[in-house]
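Lifted from Swiss-Prot, the feature list:
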type	residues	note
BINDING	Asp488, Asp494	Mg(2+) binding site
COMPBIAS	700-735	compositional bias 'Basic and acidic residues'
DOMAIN	555-614	domain 'KH'
DOMAIN	624-692	domain 'S1 motif'
REGION	700-751	region 'Disordered'
Amino acid sequence: MSLFNKITKTFQWGQHTVTLETGEIARQSGGAVIVDMDGTVVLATVVAAKNPKPGQDFFPLTVDYIEKTYAAGKIPGSFFKREGRPSELETLTSRLIDRPLRPLFPEGFYNEVQVVVHVLSLNPEASADIAALIGSSAALAISGIPFNGPIGAARVGYINGEYVLNPGPTQLADSKLDLIVAGTEAAVLMVESEADQLPEDIMLGGVVFGHEQGNIAVRVINELVREAGKPEWQWTPPAKDEDFIAKVNGLGEAKLRAAYQIRSKQDRTQATRAAYAEVLAALAAEGAAVDKVKVENLLFDIEAKIVRSQILAGEPRIDGRDTRTVRPIEIRSSVLPRTHGSALFTRGETQALVITTLGTERDTQRIDALAGEFEDRFMFHYNMPPFATGETGRVGSPKRREIGHGRLAKRALIPVLPKKDEFAYAIRVVSEITESNGSSSMASVCGGCLSMMDAGVPLKAHVAGIAMGLIKDGNRFAVLTDILGDEDHLGDMDFKVAGTTTGVTALQMDIKIQGITKEIMQVALAQAKEARLHILGKMVEALGGAKEELSVFAPRLYVMKINPEKIRDVIGKGGATIRALTEETGTQINIEEDGTITIASTDGDKAQAAMKRIEEITAEAEIGKVYEGPVTKILDFGALVNILPGKDGLLHISQIAHQRVEKVTDFLTEGQIVKVKVLETDEKGRIKLSLKALLERPEGYVEEERPRREYGDRGDRGDRGRDRGDRPPRRERGDAPQAAPESDVPSPQAE
């Protein structure tokens, strides 16, 4: 009898065959599912604590997506030869899984839940992120943990006017869209996408298509749950103390309503903190035991009720705007004197100082990914220090949120970047958030675009981003343009759209409630387009296009092409030639396999000097051309003369002067500079030179004729120090040497 009660479900999903399996591996976890998607295999596990920690006031969900290098048949390249800290892709995929799962846990469920996904095998044409999403959903669904799932997920491409389900990297190279959708059978929960300036209706169609295809996975997971699901937890939300809630409402609602009449974020924050403190003090004065966390949660609920009811009633928002107005915008470029490009983008109380730095090929980011190594010449880094929100906190390496926001901004800008052959620089953009009150990632998109244009990067178009919010109560809803931080915290959706006047370049949506409808997404996209066009108008006013001149502090790139067979000449033995060249000229030189050479320098004269040297190194000697160079070596039969860098030609003794030359040293010395003419070159690159061809012939000089040899001219034999013509006539083949009179003894030749 088998140890395992293995349950397997297999289904065809577009071009992929997918298998879900449970019951054999990781049986001590709360739920474990292996997903095999055409050779990409992931193990998704979930474990939940049986009880919440005392005083816990939030839901502690952690998701860790871990790629094992053995999945691609590799050994880690680190010193310790094992996997280390998460890569950027692992962090982004962990967030991708977390976002659609989090809103499906019931309110009040504060038990710690940990989802861990291991990539065990990787087929590069079947991306592991979709398999990881499906596996995480299935593991939670069979675990019995309180969870209002399962969810499905799908990747959508757009190739030749048609949507494509779960395209691999090869197909994505030809796709105008890379979109991931996740949601329950009823509604969409999460969208993450990058697009090549596509119109809103194509984007919405992609979301709907992806949701429909994701439901195929939902139905299979439900079948798996029916056969392999564990008993549901006997969990009930904590009972509400209605009398205590009424008391807190009575003490705090009026104070909080007054606080939310204040338009300034800092003043409003101080007022709400004061209201919290007064309510806690009043409760303490009554002598009752006060659970601070419980009271603060109730006061937060009051805040949400106030803000949401005002908006749904058509009243002004927190800062006095209506639902469609964008906050005031201020833009300044060339903010920093010695950076290559910079811009300060301010929208209301959100501000981004964005800096662009241009680099060379050596500055590109080399990424050793599981699917293979590649170089990335465009980097976007987002930083938000605690002072941006008037708080204290940890400063150091980027957190998951910062990595995610940087990636979103990068996605928005990639479609408008120039091609490498148009602009060969490596580009690094850093967004420093100096103030934050909502939508700092979209401020980073706007500032990043302006900063690159200030640096002279020839972008195809301006790109702007806007964050939309949602307040939904039953069938009533309001979509908010350019949300504040409080509206984000108290609302139901964070919907970010970036793009040009032509179309959308990036879209990200996170839902806090259990899904939104197609109608709401249509309204949000239309409203976002209106706001985006408004912001783009402001950006064009501030900076109409990319500067034509780069900063004087930016490196200049000079590109030249050489014969690929000459690459080794430029590099030299052990890299000696190119190393000396870079040190002498102070430039950076990069050589590609096709013979393209890129020279980087902040000094144009130095770059030109390097180009000249390379031209000389790779130059071919031209027959009939006169060169000047030093004598590098004296030989018995002539001399070697350096006519080009790394190229010596032979000046034969017979080509030194019109008169007979007995000793080369009578005419030449090592180091002597002479002018010579190229007589000929051969297929091996050997060069024959002449000095006498440039000298005047002496009066009455007659070129000495030399007899032709019977078996063809084998060239000069200068190593004998004289002409072959001085020799006596050669014996005919078979002639015997003159010897004694004939005898009867046969000669050796006669035998």
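Every residue gets a Cβ built from N, Cα and C, even glycine.
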> Under DSSP, the domain 'KH' (555-614) has how many residues in helix, strand and coil?
Replying inline: 32 helix, 16 strand, 12 coil
>> List every residue in the same chain as Asp494 (Mg(2+) binding site), at least 6 positions away in sequence, whose Cβ is under 8 Å from its Cβ.
In response: Ala467, Gly469, Ile483, Asp488, Gln508, Met509, Asp510
> Tally of helix, strand and coil residues over the domain 'S1 motif' (624-692) according to DSSP?
Replying inline: 7 helix, 36 strand, 26 coil
>> Using DSSP and collapsing to three states, where does Asp488 (Mg(2+) binding site) fall: helix, strand or coil?
In response: helix
> If H, G and I count as helix, E and B as strand, and all else as coil, what does DSSP give for Asp494 (Mg(2+) binding site)?
Replying inline: strand
>> So if I draw a 10 Å sphere around the Cβ of Asp488 (Mg(2+) binding site), how many other Cβ atoms end up inside it?
In response: 18
